[in-house]
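Okay, structure first, notes after.
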Amino acid sequence: MKTLLLTLVVVTIVCLDLGNSLKCYSSRTETMTCPEGEDKCEKYAAGLMHGSFFFIYTCTSKCHEGAYNVCCSTDLCNKSSTSG
């Protein structure tokens, strides 16, 4: 009986967590849960004057293209320097 109850609790938690639960970095240290419709994490380079740039970390539905950009679809994957 305890096993059945535990199984039902686990299934309920898993089912409740299936919706929009992708987590991405929103800065170098902060994270966020992505809103509905945004199913990718991204880190992309935004240009400044004189050839310098900084990185923007966010959730997205369509990633930017670029040599330094990361586009991926697993939790907290947009901090690394490789795509996933």
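Any Cβ shown, glycine's included, is placed from N, Cα and C.
Candidates considered were CYS41, CYS63. The record in Swiss-Prot pairs CYS24 in a disulfide bond with CYS41. Disulfide pairing as given by Swiss-Prot: among CYS71, CYS72, CYS63 connects to CYS71. Swiss-Prot records a disulfide bond between CYS59 and CYS34, which is the match among CYS15, CYS34. The disulfide bond recorded by Swiss-Prot for CYS72 joins it to CYS77 [selected from CYS15, CYS77]. Cα spacing between THR58 (site 'Contributes to dimerization') and CYS72 (disulfide bond): 11 Å, rounded to the nearest whole number. Geometry remark: CYS59 (disulfide bond) versus CYS41 (disulfide bond), CA distance 5 Å. Counted over every protein chain shown, other Cβ atoms within 10 Å are most numerous around CYS41 among the disulfide-bonded residues CYS34, CYS41, CYS59, CYS63, CYS72. Of all the recorded positions listed here (HIS50, HIS64), the one with the fewest other CB atoms within 10 A of its own CB is HIS50.
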